[in-house]
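What follows is one structure encoded as structure tokens, with my remarks underneath.
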Amino acid sequence: MGKPLYLVKFIIIGSQSVGKSCLLFRFIDNKFKSQSTHTIGVDFSSRVVDIQGKNVKLQIWDTAGQERFRSVVISYYRGSAGVALVYDVTNRESYNHITNWLSDVKSLASPDVTIILVGNKADLTEQREVTFLEASRIAQENGLLFMETSALTGEGVEEMFLKCTRTIMTKIDSGEVNLEHLGVQISSDSGNVTKKPGDSSNCSC
């Protein structure tokens, strides 16, 4: 039997045009999506990563930032183990909306969810409107992980997803979180369902 495969749901949220789809495309294909269009509702991609010797399949949901899709997006908070809350470092308004997005996460997602605040477009230094220091401060005040990224150059993108996933897996290993509440599932790499740690019942994958 191969190593267990952890199935972890991850969502990307944030205002329109902050680069959510470009971050996902960079992480999945290691390319910059120069002709990116606005996400209609929700888009989906997945990738298997190695975290501390464990195979983890990230099921990543890229959500629309427009208000008219809000009712569609909110259902995807449930069962998410990780949330990337993205703002544009060159757009103060997108940063100011962070508190609204955080309010949605706290009211709709599991209390065990891991949130990483992501300042995208960090390569545009001359157009920057939000400093690293002020964003790191708000992350610390709200108990969030924090990184700056550039989907264009790839800087920080891989590490952003891996950092959040490592935190999730550390919580799982330590027994801090309820796997069922987070929607985390475990199967063998052959597709056979295995038991959750400390659980006598099987999970359905």
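Note: Cβ is positioned from N, Cα and C throughout, glycine not excepted.
Swiss-Prot lists motif 'Effector region' at one of the ranges 36-44, 126-134, 153-161, namely 36-44. Of all Cβ atoms in the protein chains displayed, 22 besides its own lie within 10 Å of the Cβ of ASP62 (GTP binding site).
Sequence-distant neighbours of SER150 (GTP binding site) (same chain, six or more apart, CB under 8 Å from its CB) are ASN120, LYS121, ALA122, ASP123, GLY156, VAL157, listed in sequence order. According to its DSSP assignment, LYS20 (GTP binding site) is helical.
Of all the binding-site residues listed here (LYS20, LYS121), the one with the fewest other CB atoms within 10 A of its own CB is LYS121.
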